[in-house]
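Asker: Once you've had a glance at the structure underneath, I'll fire off some questions.
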Amino acid sequence: MTGFVSFFRRLEGPQTVGRGPAFWSLFAVVMMIAVAYPLFSDGYTVGNTVYFFVWVFIALSLCLIWGYGGSLSFGQTAFFGIAGYGYGVLTLNFGSAYGFTLVALVASVAIAAFFAALLGYFMFFGRIAGVFLGIVTLAVTLMLERFMAQTAGPEWHIGSARLNGFNGMSAMPPLTIPWPGEPIVLFADVGLYYFVLGLLVFVYLALRILMNSSFGNVIVAIRENPERAEMLGYDVRKYQLITFVIGAVLAGMSGVLYTAWGQYITPSSMGMTAAALPLIWVAVGGRSDLTSTVVGTLVVLAAFQALTIYGSQYALVFMGVLLVLTVLIAPNGLVLGTMNWLGRLAARITQRAG
Amino acid sequence: MSLLELRKLNKHFGGLHVTNAVDLTLEAGEIHCLIGPNGAGKSTLFRLILGEHHPGSGDVLFAGENITALKAFARIRRGLSVKFQVPGVFKGLSVRQNLEIALQSRHRGRELEAEIDRLLVFLGLASEQAQTAGNLSHGQKQWLEIGMAISLKPSLLLLDEPTAGMSPEETHMTGEMVQRLNADGMTVLAIEHDMAFVRQVAQRVTVLHLGQVFAQGSIDEIVADERVAAIYLGQAHA
């Protein structure tokens, strides 16, 4: 029983911003709004919101590896792409009956995790760190993009699934939940919205617990001073590898959900622009905090989309400017900076009142 | 039985012979100081003991086991612990969290909290526990790192210049801390330039010079040794 309680007590801790009744009340209000939201909106807008949610997982993966772990990975898109293509290949071959799309979801994420374990093993046990980690991971994702882009001919297929080169794969079935009578097909509107929202809340809370656990302590210790962490008896490389694999699972979830949402995946999802954007969302939000990452990613994505609609050529330039401004004004992230400022303000007010 | 035994340890950095066939034996329960001019190979010797460097040849034996091939973290788990020359605290984290990270592999839950509180008092850092470790004074950082090192309850504690940058009072307090730890059964090997500290704590002193063991004995024997004075003076004139 006490173990059970202390498990949930880890929802709060030194590694996550937000604690106490005020924070969780706000969390509950946001949840209620999120749950009620489809009732007050049309299917297209809801589907578009799912699109935003889908990207949060890859942002959280970067938050974990870079913000908490201190290793800048430029290649989370590689795992995004592997899982996305994995879902395409599996579902185009085996269809969506008997809940197979859910099996494909898990299997594709597992493939991405396996790939990350392999790559991570050579990187971390080869003592690659700092900027070189960023270079290697970037090279991997760009190589995958190049490779997939040249798979245009009919000879490039896995089973009955054609890879289709630069045009990518399409027409894979959406996620489908088996149900007595009629299976529930999660098209990119209300159905998928609740599925992804549920997954997102679960992942967010699970990561809060993980980061405030003794495991999370070691991860931030490695970020602060890897030599000291090792000299406290922690096998630094093992912890880095585990974090990297968890990050790949999250990025892979983004990949599968994206593929299931749009029913397509192309090599450019592993390209340079795709690799750079998550870095900007996470840096602008606040890479060392989960909540800041989620809020920052959603805000920046919505702003990016609005800009793309009203002046598409400037959207990427604006992203660059936003990154530069963040680095200059609030290097720890604009959302995190604002939250910390609000926290200090509240503390001062209560102090004055008391 | 000797706790630590170094047998003919050799380490080259390119053409530089940093430690040259170093033999050193540490008895369980002693406080042993390692002195020598800059560049004598003291810190390298520490890194060889800890497994951060691996020797070109020679063996490291700890509690009778040959640990030469073991990785650093595995040596720590066998009962070694270290405080570095430059304070190696987790600067961005609170003092309390620094100690929690050091203690969490041995304690859980309420016991862990109690152990952190006890250590905070022992280190005189109780009122600083919420402070970010990077904001501590230099001396406080040194103590915090000593606290992290001893929280592993090591059988051998390595201290690389534990009093560097400390005032004479702080140095003396650190000496008393080391003696208290030793009284509880901890063996200590310290690199130190501060002779007041060495005089205060050392039961045996080894002088390292140009990567070799130059002299060994009690502090009085070492101080009386004219050859030892000569290498320090030679260093000063060079």
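Glycine is no exception: its Cβ is also placed from the backbone N, Cα and C atoms.
Unlike curated entries, TrEMBL annotations are predicted automatically.
From TrEMBL, here are the annotated features:
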TRANSMEM  A:21-40  transmembrane segment
TRANSMEM  A:52-70  transmembrane segment
TRANSMEM  A:77-96  transmembrane segment
TRANSMEM  A:102-124  transmembrane segment
TRANSMEM  A:131-149  transmembrane segment
TRANSMEM  A:184-207  transmembrane segment
TRANSMEM  A:241-258  transmembrane segment
TRANSMEM  A:264-283  transmembrane segment
TRANSMEM  A:290-310  transmembrane segment
TRANSMEM  A:316-342  transmembrane segment
Asker: Does the transmembrane segment (A:184-207) come close to the transmembrane segment (A:21-40), meaning at least 3 CB pairs under 8 Å for residues 6 or more apart?
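Answerer: Since 3 or more Cβ pairs under 8 Å link them, the transmembrane segment (A:21-40) and the transmembrane segment (A:184-207) do come into contact.
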Asker: Quick check: do the transmembrane segment (A:316-342) and the transmembrane segment (A:77-96) share at least 3 Cβ pairs under 8 Å, counting only pairs 6+ apart in sequence?
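Answerer: When sequence-distant Cβ pairs are counted, the transmembrane segment (A:77-96) does not touch the transmembrane segment (A:316-342), since fewer than 3 lie under 8 Å.
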Asker: At a C-beta cut-off of under 8 Å, are there same-chain residues at least 6 beyond the transmembrane segment (A:241-258) that contact it? List them, or none.
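Answerer: Hits for the transmembrane segment (A:241-258): 53-58, 60-62, 64-65, 68-69, 71, 73, 76-87, 104-105, 108-109, 111-113, 115-117, 119-121, 123-125, 196, 199, 203, 210, 219, 265, 269.
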Asker: Between the transmembrane segment (A:290-310) and the transmembrane segment (A:52-70), are there at least three Cβ pairs closer than 8 Å, leaving out pairs fewer than 6 positions apart?
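Answerer: In contact, yes.
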Asker: Does the transmembrane segment (A:77-96) come close to the transmembrane segment (A:264-283), meaning at least 3 CB pairs under 8 Å for residues 6 or more apart?
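Answerer: They do touch: at least three Cβ pairs between the two stretches lie under 8 Å.
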Asker: If we skip the immediate neighbours and take only residues 6+ beyond the ends of the transmembrane segment (A:184-207), which ones have a Cβ under 8 Å from one of its Cβ atoms?
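Answerer: Same-chain contacts beyond the ends: 11, 31, 34-35, 37-38, 43-44, 46-47, 49-51, 53-54, 56-57, 60, 64, 96, 173-177, 250, 253, 257, 260-262, 290, 294.
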